[in-house]
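K.L.:
This is the structure, below, for whatever I ask next.
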Amino acid sequence: MTSWRDKSAKVQVKESELPSSIPAQTGLTFNIWYNKWSQGFAGNTRFVSPFALQPQLHSGKTRGDNDGQLFFCLFFAKGMCCLGPKCEYLHHIPDEEDIGKLALRTEVLDCFGREKFADYREDMGGIGSFRKKNKTLYVGGIDGALNSKHLKPAQIESRIRFVFSRLGDIDRIRYVESKNCGFVKFKYQANAEFAKEAMSNQTLLLPSDKEWDDRREGTGLLVKWANEDPDPAAQKRLQEELKLESLNMMVHLINNNTNSAGTEVNNKNNERLDRTFPEASVDNVKKRLLPLDNGMESDDFIEKLKKVKKNISRENISSKPSVGKLGGPLLDYLSSDED
């Protein structure tokens, strides 16, 4: 399979095909500050977007990759970027390397570079909060996204897994039949932020469905942030997961820095040795020219981090509840499709 690094990003849509920034008239007066019509019937704003991201087809290198950009293109996530390789933002799915760079840069901006807020919105929509990490998405509006197509619960969960798994590593997915909603937990928050924008107002129909041509008549998925699980055991597991994620990130960054720094030092030392001792054996000289170990880049330090990570993993496994005992937000979430 070809990596996105081996190709240029695709132009997802022509500029002439982009919708107007002014919404359809639903009132008497247009407010230029809020980009909304007032003094009229608001109507149903739910719809199925005519644009959709296809990660394998659309991903590729952009001008942002060459400029060292950290943030991703919001319009790429929505499937409607008209710049392609000329875009100043990234056009691929966030991976571990991107997540490590974002974590070092800031915690108050999302993966698109937008400022987060102190608290979540009342309806759990929007950009999110910088106070708490949230990797779980609530997925509603499933009936409208299927154009009322009747499917078994296992089939619905399978479709949710298919469309969301393309947008990052999934921790777990659960479909709650009684409330006709689903929950998708990603391994990293940046992937959850990306998927929330990419899957909002998208259909769950597939090209093989006979209803595919009429998909625009549906209302699309409603994707929001999931509420925090009030269960103390679940909160403890969450803290352990965050601690383990931080340790994983530290090991990943230290390994990368050690490898890159070691390569650079060796190259410089070899150049110096070639100029100074072109013919003599220089094994002893190489040892004297190597930098002193500061303790942070040694194998012992990395091994200690890995041991701590293993201990946390064992505690996490031993504290997990049995399969038959389910609870938390997967069953107690009060939102519905009509939110």
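Backbone N, Cα and C atoms are what each Cβ position is placed from, and that goes for glycine too.
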K.L.:
For the record in Swiss-Prot, which of the ranges 43-69, 313-339 is the region 'Disordered' one?
P.N.:
313-339
K.L.:
Per DSSP, what is the residue tally for the zinc finger (67-94) in helix, strand and coil?
P.N.:
7 helix, 3 strand, 18 coil
